[in-house]
Amino acid sequence: MNSRPSNPTKLVIRSSTLLFCGVVLIHLFAAQIDAQRSTSRWQTLNGDAPLVIARGGFSGLYPDSSIAAYQLATLTSVADVVLWCDLQLTKDGLGICFPDLNLANASTIDRVYPNREKSYSVNGVTTKGWFPNDFSLTELQNFLLIRGILSRTDRFDGNGYLISTIEDVVTTLNREGFWLNVQHDAFYEQQNLSMSSFLLSVSRTVSIDFISSPEVNFFKKITGSFGRNGPTFVFQFLGKEDFEPTTNRTYGSILSNLTFVKTFASGILVPKSYILPLDDEQYLVPHTSLVQDAHKAGLQVYVSGFANDVDIAYNYSSDPVSEYLSFVDNGDFSVDGVLSDFPITASAAVDCFSHIGRNATKQVDFLVISKDGASGDYPGCTDLAYEKAIKDGADVIDCSVQMSSDGVPFCLRSIDLRNSIAALQNTFSNRSTSVPEISSVPGIFTFSLTWPEIQSLTPAISNPFRVYRIFRNPREKNSGKLISLSQFLDLAKTYTSLSGVLISVENAAYLREKQGLDVVQAVLDTLTEAGYSNGTTTTKVMIQSTNSSVLVDFKKQSKYETVYKIEETIGNIRDSAIEDIKKFANAVVINKDSVFPNSDSFLTGQTNVVERLQKSQLPVYVELFRNEFVSQAYDFFSDATVEINAYIYGAGINGTITEFPFTAARYKRNRCLGREEVPPYMLPVNPGGLLNVMSPLSLPPAQAPNQDFIEADVTEPPLSPVIAKAPTSTPGTPSTIAQAPSGQTRLKLSLLLSVFFLSLLLL
C-alpha cells in the first residue's frame, strides 16, 4: 500500500444522494440501536453515556462544516451524535458554519477575492485575513470549502462544497442535535454584529442543544434569554496561560474557581491536557482531579482535541480507541462528551468497547498472530515484545528464525542485523559483506556473527514511519534482549492462553548452499528438544515460508502445520496454483493489498483471493496490521479498528498478523458485533466507496491490475543438500564451529565429521 501523511472513511457511500438516504435510514432504526447501547452505569454527571460531538461534521475526511461532512457524521456515528458548528456572521447578519475567523484557512476565498484581505484586531492581536463580516452570503457562495489541515487529503477539495448557513444544515439533515460554538463574540460586537441577537432569532426555527464560547461576557449577555428549556451553556477553556478577553484573567485562574463558572454555564469544554496531561516526552502523567471537581460543582465536562491523524501519547500505541477509553472508561471518572474530527471512532469507543473486561465474551473468532511479538511497543523479537504480545491477547506468537555462524537458530525479523540492532555499524563494520542472493546492498548478516556476539547486541525498535516523524515508544526503544528459538519455545509453553507458535523460515537454500547451515533441521531439532514433537505440549506449531521447497521439506520430516506466504501483491489466484499449494500447505498468508487493492491510499475494490482460498479449505491470514494512521487507506478513517473490522467482518479473513496484538485482540470482544442490528459505526467499508464520491478531476491515477498468481509462481526445485563449509575464525572471536551454549541446537554431527575428514585430506 502507498503510505500517506494523513487520514480515511467507512461505510457504503456511492453519491451525495445515497448519503442523504442513509441519514433517513439512520433515523428509522435509531431508537432500536439506542436501546441496544450499553446500559452500564457511567461515571458522568448524569449517569448517561458520554456524548459524541462531531466537530464540523466528519471533518477528519471532508472539508470542515461541509454538508457532506455533516451527512457522513450522522451516517457513521451513534444515533444521538451532536453536530458542532463554529458560528460566524456575514456582513448581512446571517449565520454560517465555518471553522475559523479567517476564511482563507479552509476555503478558496483568497483565490476568488485576492484583493479583499484586511487586518483586524482580534483579542488585541492584529490579524490579517479574509473575515466573514466583510462578505455577504451571496459573495460567500462564490468560493469552495477545502481542507483546513494541510496534512489531510486534498482529494475532496474539488468536490464543490459550499459554505452553509445553519438553516441549510438543519434543512438538509432534517435532524436535531446541534452545538453552536461562538468563538469571537467580542470581535463581532466591534463590527456591529450581534451574536446574541442572531441566536435568539435562529432559535425560533432551529433546535439548538448546546452553545459554547470562551468569552465570559457573552454568557452574561444571553443568560436568561432562552428560558428553562433552552440550550445548555458550555464555557470553553483555551490554554491555561491564555487570557480570557473580557475579564483579563487567564483560563488557568478561572479554572480554580468552578463555582464562578457555574453561575453562567452548565458545563465546561477543555483540552485533553486539562484532564490527562503529558510530560515533555509525550507520555501520560497521573490524571488531574478536574472531572471530579467539576462534577462536584454540578458542571458537565466535555473534552476537545480528538483526532485520529495527530500525535497522541505513546501510552496509547497509536490507537485512538484506547485514547477515548482513557477519558470515558478509566475506572475513576467519565467525561460527559468528546469533541472529535472522527466521530466514528468516538462512537465505537463509547458504545462497543467501553466497560468490557479482558475476559468478556468473544463476539468473533479469528487468530491474532503477532509480528515479532508486540513490535510496535518494544524492539521486535525480544523477550519484552513477546511477553507483551501474550499479555495483550495474542493467540499465536511468531519467531522469524535466523542462524548465527555457530549454528544457533534465534528470532529476528531480518537476516541483516542492521535492520534490528542499534549502533551495529560501529561495532561490527568489518563483518559487512555483499550477498546478492539476499540483498542488493551490503549488509551485516546474522551468519557472520556467533550467538554470543549476537546476544551482546542492543536491539532497536522499528520506526517504519520515520519519514513522517512518527516514532514508537522511545523510552523502550532499546529495551529487552534477543532470544534463541529454544528460549522462544520455552516461553510459549508457559502460557496456556496461547494456542500456537508460528515459526518463519527464509533463505534456507542460501544458508545450505553457501553457509553450510541447515535451518530446517535446526528448527526441527529445537522443536524436539523443547518437547513440541512428542506431545508433551498442546501448543500448535505452524511453519511459515515463502518457499514451497522449504515447506515440502518440513512436511517430509514432521507433522507440523505449514503456512505458505505469498509475498507478491496479487489480484487473483488460479485453480492450478491453489491445488499445488494444498499439496504442502495448510494455510496461506497474503498481504493487505491482495484483499483490498488501492490507488494512492484509496481502496479501489476487493479481490476474490480470500474467497477462492477458503473455498479450497485453506485458511487465510493477512499481514501487516499496524496502528499508525499513515499505514492505512483513507477508507479506514485513520483508525486501526475500522481497518481490522473491514478485513474480519467485511472480507472474512481467518487471522491478522499484527505488530500491535492488543488492538486486534480487543476487537474480538467488540460488544456491537453481538447485536441483532450491528450499528453503522461497526459496518465494514465499501471498497471503492470514497472514489465514487470524489470529483473526477481529483481521482488518483488508475493502477495496473495486480498479477494473477499461477502454478509457476509456486513450483520450486527441492532444497539442495547442505554443503560442508570449512571453519573460519572471525577477528577476536571463537571459531564458527565452537560449541553452542547449553540448551541450544548444535551443528549436526554429520557436518562436524565432514569438516574433520575434509581437513585431514587437505593436510
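Numbering starts at 1 and runs along the chain as it is shown here.
Every residue, even glycine, has its Cβ placed from backbone N, Cα and C.
Pulled from Swiss-Prot:
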{"type": "DOMAIN", "residues": "50-350", "note": "domain 'GP-PDE 1'"}
{"type": "DOMAIN", "residues": "366-668", "note": "domain 'GP-PDE 2'"}
{"type": "CARBOHYD", "residues": "ASN105", "note": "N-linked glycosylation site"}
{"type": "CARBOHYD", "residues": "ASN192", "note": "N-linked glycosylation site"}
{"type": "CARBOHYD", "residues": "ASN248", "note": "N-linked glycosylation site"}
{"type": "CARBOHYD", "residues": "ASN257", "note": "N-linked glycosylation site"}
{"type": "CARBOHYD", "residues": "ASN315", "note": "N-linked glycosylation site"}
{"type": "CARBOHYD", "residues": "ASN359", "note": "N-linked glycosylation site"}
{"type": "CARBOHYD", "residues": "ASN430", "note": "N-linked glycosylation site"}
{"type": "CARBOHYD", "residues": "ASN534", "note": "N-linked glycosylation site"}
{"type": "CARBOHYD", "residues": "ASN547", "note": "N-linked glycosylation site"}
{"type": "CARBOHYD", "residues": "ASN654", "note": "N-linked glycosylation site"}
{"type": "SIGNAL", "residues": "1-35", "note": "signal peptide"}
{"type": "TOPO_DOM", "residues": "36-744", "note": "topological domain 'Extracellular'"}
For the C-alpha pair, I'd like the distance in angstrom between ASN547 (N-linked glycosylation site) and ASN654 (N-linked glycosylation site), rounded off.
21
How many Å lie between the Cα of ASN654 (N-linked glycosylation site) and the Cα of ASN359 (N-linked glycosylation site)?
21
Cβ-Cβ distance under 8 Å to ASN534 (N-linked glycosylation site), same chain, at least six residues away:
THR528
At the Cα level, what's the spacing in Å between ASN430 (N-linked glycosylation site) and ASN248 (N-linked glycosylation site), rounded?
66
Site of maximum Cβ density within 10 Å, from glycosylation sites ASN192, ASN248, ASN257, ASN315:
ASN315
Residue with minimal Cβ packing [other Cβ atoms within 10 Å] among the glycosylation sites ASN105, ASN359, ASN430, ASN547, ASN654:
ASN359
In whole Å, note down how far the CA of ASN315 (N-linked glycosylation site) lies from the CA of ASN359 (N-linked glycosylation site).
22
Spatial separation of ASN192 (N-linked glycosylation site) from ASN248 (N-linked glycosylation site) - C-alpha basis, Å:
22
Taking the Cα atoms as reference points, how far is ASN192 (N-linked glycosylation site) from ASN257 (N-linked glycosylation site) in Å?
32
For ASN105 (N-linked glycosylation site) and ASN315 (N-linked glycosylation site), what Cα-Cα distance in Å is obtained after rounding to a whole number?
32
Where ASN315 (N-linked glycosylation site) and ASN257 (N-linked glycosylation site) are concerned, what is their Cα separation in Å, rounded?
31
